[in-house]
Amino acid sequence: MLSDIDICRSTPLKNISEVAKQAGLHHNEHQPLGQYKSKVSLTSLERLASQQDGKLVVVTAITPTPLGEGKTVTTIGLAQGLAKINQSAMACIRQPSMGPVFGVKGGAAGGGYSQVAPMEQLNLHLTGDIHAVTVAHNLASAAIDARLYHEQREGLEAFEARSGLKALDIDPRRIVWRRVLDHNDRALRMITVGKNEADKTINGFEREDGFDISAASELMAILALTDDLQDLRKRIGRVVLAYNNQGLPLTADDFNVAGAMTVTMKDSIEPTLMQTLEGVPTLIHAGPFANIAHGNSSIIADKIALKLSDFVVTEGGFGSDMGFEKACNIKVKASNKKPDCAVIVATLRGLKANSGLYDLRPGTPLPDSIFNDDQDALIAGFENLKWHINNVKQYQVPTVVAINRFPQDSAQELNALKQMITDFDPSVSVEVSEAFGQGGEGATQLAHAVVKACQKQSEFKPLYHSEQSLEEKLMAVAEVGYGAASISLSPLAKKQLAEFKLHGYSDLSVCLAKTPLSISTEAHIKGAPSQFDVPVRELKLCAGAGFIYALCGNVMTMPGLPDKPAFMSLDIDSKGNIVGLS
């Protein structure tokens, strides 16, 4: 079989203006950027306001291997499958971060014959939205250190007299806004800024700082959760950057930088229209990770797509304990749009990996033996799929299981897995998806199952409500969302929680950051663990995004590169063609 990039290059694509017309957009509602991508104006929503919304289908998965189990392949393949059975469909996915593209996972455009195209444009820069988020974020960092420098150098009274501004009296030990970069670079996790020659302060005042990956920026979460430009401006204004020496929060509005940050991001609020290999319109927008952020594409993209099509297929990152949980408890609260159907992606290799009989690690290839018939491993790993089915069903959303077939999978094991699912829960539809190898044609049975599931009434139920305390919300996600026995807060987390309550942030949602490779907070614990503790080492306030962010276990907000990163395979030929991107 051809590589992903070769399949993409050998497939004729439509001009993006034709794709936009097919989607139902007027020519003045999008701005083409080249032949194959276009920015979609929010003015389209004004014209479409009276249109009835389509059905929202959220694709999630079992606990994945480090290489993923094909959620994006299934998302794109399902949208193509729906089009094959004459349903009006669009897909909405996140913009890939270049950190994973150059790191372990590679690209995030789907794969095989279920890709967003051109895949190299999607995976590398696209329309620069992540760059805009990075620049806006680091503008705030520059504003903080500049203000700290001038206030400390002159003294507060002299600063006020000279500048006409009110001194913020920043506590340099409590600057909570770290810098960001769209790369995996562990060396930048802890740094010192403002270093000077002896007895000089020209470079600012020395303090500890660090970098997160851009996908973990609160601005990325805001971009995914906002619904218009005015709301974007308000949310950015509420972002807490630091605290003063009286312990009060200082926001982007306090630093008078929120307006400039919003200006920097004004074009990034528009989703990017692209197409699948079969010409299905696809909106790309925002890119928060699901392990260290809320992990879903944007509300704006969903709103536009839901007005233009009968079925919108989107995805939440990693397993249902990660992106799907956050879709239900964070995204739905902001959008007020509940999912009509959930699709759980499972694979034979992923279930065997969850058996505990294989030692799989990020950055190392999967052993060939994982594709051999192994009933014991499949039965043991099936506990993980059972857990995810029960987890999704507790939100009372109609559920379909899609078994994503790899070329090495045996028909005997696929049939055995289908029967195991039916025996476990006859109410859950299950179909084998061959979207990777066959495109939409390989996902038509899955598409029929999704259409049927969407005809059922979704009695959506979140895990918690705004009026509950922050402790109750954290416990709800840990104990009900993960099946944990308890949650334990470090002394620092307890102190932060009390402070957030004092400053009036108790109504916010909670976003738990943990490993995606286990339902627990320990990556090596596979299957369907129970009776474990969720240790919260630190809490971060995302007042603009609307959630409290809990760092659990040893999760990092700046990834590192493996010993053999994906960038080693990337190159370019004499004609400008990129090679080695997958």
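Quick reminder: no glycine exception, Cβ is built from N, Cα and C everywhere.
Pulled from Swiss-Prot:
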BINDING   Thr65, Pro66, Leu67, Gly68, Glu69, Gly70, Lys71, Thr72  ATP binding site
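All features noted in Swiss-Prot, drawn onto the structure.
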residue: Thr65; record: ATP binding site; contacts (Cβ under 8 Å, 6+ apart): Arg349, Gly350, Ala353, Leu360, Leu366, Leu517
residue: Glu69; record: ATP binding site; contacts (Cβ under 8 Å, 6+ apart): Ala61, Ile62, Val345, Ala346, Thr347, Arg349, Gly350, Asn404
residue: Gly70; record: ATP binding site; contacts (Cβ under 8 Å, 6+ apart): Ala61, Gly111, Val345, Thr347, Asn404, Phe436
residue: Lys71; record: ATP binding site; contacts (Cβ under 8 Å, 6+ apart): Val59, Thr60, Ala61, Glu315, Gly317, Val345
residue: Thr72; record: ATP binding site; contacts (Cβ under 8 Å, 6+ apart): Ile93, Ala108, Ala109, Gly110, Gly111, Glu315
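Under the three-state DSSP scheme, Thr65 (ATP binding site) falls in the coil class. When the binding-site residues Pro66, Gly68 are scored by other C-beta atoms within 10 Å, Gly68 scores highest.
With a 10 A radius on its CB, Leu67 (ATP binding site) counts 17 other CB atoms from all the protein chains. Gly70 (ATP binding site) carries neither a helix nor a strand DSSP state and counts as coil.
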